[in-house]
Structures are given as C-alpha cells and as structure tokens.
Amino acid sequence: MERNLKNVLVISFGFLLLFTAYGGLQSLQSSLNSEEGLGVASLSVVYAALILSSMFLPPILIKKLGCKWTIAISMCCYIAFSLGNFYASWYTLIPTSVILGLGGAPLWSAKCTYLTIAGTSYAEKAGKNAKDIINQYFGVFFLVFQSSGIWGNLISSLILSQSSTKVEISEEDLECCGAYNCLTDTTNTTGSAKPSKSLIYTLLGVYTASGVLAVLLVIIFLDQIKSDQAETEKEKLEAPSFWSTFLATFRHLKDKRQCLLIPLTMYSGFEQGFLSGDYTKVYVTCALGIQYVGYVMICFAAVNSLCSLLFGKISQFTGRKLLFALAAVTNTACIIALLLWKPHPKQFAVFFVFPALWGLSDAVWQTQTNGLYGILFEKHKEAAFANYRLWESLGFVIAFGYSTKLQAYIKLYILLSVLVLSMVTYGAVEYLEAKSSPGTPTATMKESGRPLSQETCM
C-alpha cells in the first residue's frame, strides 16, 4: 500500500505544481494578452488542439512510452506555453497553445490510466473492491490537484496586487449586473492598469519554475507501471498501426454506455467554463471589481479540493448514485438562484456562497465521473479516458465559443438543459449496468458475453 500511495501522491503533487502555473495563466490571459483578443484566442486554440489530441495521441503514447513517460513529456508541453507568454504574440502564443493542447489529452489519459491500474492492482492483492480503491485514489488526487486553483490565484494576486486599482461602481451600473447583464465589454472593464513588464516576468518565472519542478518530480519519483505483464509482451510483438490507434477512440463509441456518458462528460466542460468565464465577469467583476475575482476562485478551489477527498472516501458507503444526485440538485439550485439574483456589494458573502456550492458539485463531477470511466471500461482504459478528454474539451470549446455571443441568462438555461439531459442519460447507464449484472460486480458483467461493446473498442 505504501508504494501505491507514494505513486498516487507523486502524480497528485506533480499535477498540483503544473496546474498552479497553467491555471494562473489561464485566468489571466484575457487581461495580460488583451490586444486583438490574443489571450482568448490562445485558450480557444488550446481546447481545439486538445480535441484533436484526444482523437489519436493518448493510445499511441501510452502504449509506446508507458504512463510515466507520457505524463513527463506531456508536462513539458505545458511549460512551453509558460515560455510563450514571456514574449506573447501571435507567433509565440498560438504555436505554444497548440503544443499545450496536443499534450493535454495524453497527460490526463495517462494519469487516469495509471490511477486505475494502481487501484485495481492493490485491490487484487488486498482482496478489496477495486471500485472503492479507485474512487479513493481519484479522491486523493483531486484533493491535491484542485488546490492548484488556490495557489495559482494566490501567487498572481501577491505578485500583481500593487498594479490593480479599485473602481467605484455606480448604482446604475449595478442594475445591469447578473444574469441579464446589459453592460458592454467596454463599459464593464474596470480600467485596471496593466502590470509592469518586470512584474509579469517575475510571475511567469515563478510559473515556469513550478512546471519544471513538476516534471522533475515525476521523472525521479514516479514508478513505471504495467497493467499486465503478458499483455505488455503481446504489445511488443504486435505493435498496433497508426490508424488502428487513431480509430480506437471512435471505436469505443460502439459501447452504448460510452455514448450515454457523452452529455455528462460535456457538462463538466460547460459548468467549469461558466464559472470561470461568466460568473466572474457578470457577477463578481461587474458588482465588486476585478480585484475580487482571485479570492472568489480561491473559495471555489478550496471547497472543491476538500470535497474531492470527502466524496472519494464516502462513495464506498453512499454509492455514486447518491453523490451524482447531490451534485445535480446543488447545481440546479445554483443555476435557478443565479437567474433570480441581482448582485450587490452589500451582499458580499453571497458572492462566495455560489462558488463554494459550485465547488462541491464539481468535486462530484470530477471524482465520480473519472472513477465511473475507470470502472465501466477497465479493459479499454486508454480509449475510454481519451473519450473523456475529447467530450469534456468539446464542452469547453462550446462554452468559450458562445461566451461573447450570448447573455448570461441564456447560458444558464443552456447549462440547466444539459444538466437535465446528463442526469437522464447517466440514469440510463446505471439501468443498463443493473440490468446486465444484477447483484454482481461490474467485472463479472464484462465477462458474461457482451462482445460487441467490449471486444470491438480497440
């Protein structure tokens, strides 16, 4: 157990260091690189490249390099993005955004595959339920990982705080804040002065160093892992062709359960995109000022991190259905409240209640959906987790794509509709599982004669 736990912690803290840098940079792109929309364009390119990467790179890299070296090399792609920000232009930031996007899918797929194999391996040796161990591992990971939002925002706030200026917001402008926002981007800009070059370089230097430490941590301390020695030897003798691995992600869609999980997976991108792109703009920045955005996101990250550990632990007692129901009810309540609420500085505490509740729900979406993929598709983890990143990224792309085109209330209605659809299709997945294997573990069901969905994925 000590060795498995060590590896889980190495991956967790590696991702913490890496996404402390990337998360901080992501939230600052629209302000640091605002000329001609360069920052927003770079984020769009990141997720578009991530979709392309999800289609073919994860199975290839994981099979050729193994999970450890896939993680290490993919992390270097994120460092390239940090370096591109030192001299941000269309010729530096867009190419490094493509590099980051291409490395994103292999990074997350390798992480998910590693944790699933480690959990299954330990469960077999200890005679425990693999599902429970996998959920615990993902809970530990997301406890550590989600705190990156705290450190990334804190670092940027401490370094850039002297450059921010407070702007008085009139009562007339406050009337336009919220779901029915009526301020233009020009009117809604707080006019904060752009930080000096020295401060920007200091921040980017800290972020780059954090990414380098993440790579070194993985290379030095993470053990290489093999799911099955015989399977590994077979792969050496029968190297899959490029097109065979390219199509593995789409072949996995022959599994009806994977298709039914698409709305739930895309919803993860929708809800995260709304909080970071819309809630912070039309509620927090509009009513309080841009200087409070970092603190609001720290609240979200802190609750998310703590709840990730909690839900990873208690899922073995409550089951995933109850946790998904809790997240759905909480998110629905938040969406309805945001449609009705008129934000005002006098209601200061309320601005932090919403991200806290959002963090609770997101902790369920992240830990339980990742764990669900690992449990349902244990034999085809690489293709399954590649699908996860593909559809979640598509959710981000759509959310960012209509971000500047639609008012907040329309986005909230879209979010609510996708959530309802997600819960219906997720319920269908649970029904199929119960119908196929009543009273037996999922692993038994996989061996009980469903060749079409299981044997044609890869």
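Using N, Cα and C of the backbone, Cβ positions are placed for all residues, glycine too.
Marked as region 'Disordered' by TrEMBL: 438-458.
The feature transmembrane segment is assigned by TrEMBL to 39-57 (among others).
Annotation source TrEMBL lists transmembrane segment at 69-88 (among others). Sequence-remote contacts of a segment are chain residues at least 6 beyond its ends whose Cβ falls under 8 Å from one of its Cβ atoms, and for the transmembrane segment (69-88) they are 11, 14, 18, 21-22, 25, 32-33, 38-39, 46, 58, 61-62, 95-97, 99-100, 102-104, 106-107, 109-111, 114, 201, 204, 207-208, 211-212, 214-215, 218-219, 222, 224.
Residues or ranges marked as transmembrane segment in TrEMBL: 94-117 (among others).
What TrEMBL records for 137-160 (among others) is transmembrane segment.
Same-chain residues lying 6 or more positions outside the transmembrane segment (199-222) and placing a CB less than 8 Å from one of its CB atoms are 6-7, 10-11, 13-18, 20-22, 24-25, 32, 68, 71-72, 75-76, 78-79, 82-83, 85-86, 155-156, 159-160, 162-163. Residues or ranges marked as transmembrane segment in TrEMBL: 199-222 (among others).
As annotated by TrEMBL, transmembrane segment applies to 289-311 (among others).
Sequence annotations record features per position, and here TrEMBL assigns transmembrane segment to 323-341 (among others).
Proximity of distant same-chain residues to the transmembrane segment (347-365), defined by a Cβ-Cβ separation under 8 Å and at least 6 residues beyond the stretch ends, is recorded for 142, 146, 264, 267-268, 271-272, 275, 279, 283-284, 287-288, 292, 295-297, 299-305, 307-308, 310-311, 323-324, 326-328, 330-331, 333-334, 337-338, 341. The transmembrane segment annotation in TrEMBL covers 347-365 (among others).
Proximity of distant same-chain residues to the transmembrane segment (386-404), defined by a Cβ-Cβ separation under 8 Å and at least 6 residues beyond the stretch ends, is recorded for 40, 43-44, 47-48, 50-51, 53-55, 58-59, 104-105, 108-109, 112, 185, 248-249, 252-253, 258, 262, 265-270, 272-274, 277-278, 369-370, 373, 411. Per TrEMBL, transmembrane segment is recorded for 386-404 (among others).
Annotated transmembrane segment per TrEMBL: 410-429 (among others), in sequence order. Distant neighbours of the transmembrane segment (410-429): 179, 257, 260-264, 266-267, 270-271, 274, 278, 324, 328, 331-332, 335-336, 338-339, 376, 399, 402-403; these residues of the same chain sit at least 6 beyond its ends, with a Cβ under 8 Å from one of its Cβ atoms.
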*Ranking 39-57, 94-117, 137-160, 323-341 by Cβ pairs under 8 Å to the transmembrane segment (289-311), which is first?*
137-160
*Grab the same-chain neighbours of the transmembrane segment (39-57) for me: Cβ-Cβ under 8 Å, and only residues 6 or more beyond its ends, written as numbers and ranges.*
26, 28-33, 81, 88, 93-94, 97-106, 109, 242, 245-246, 249-250, 386-387, 389-390, 393-394, 396-397, 400-401
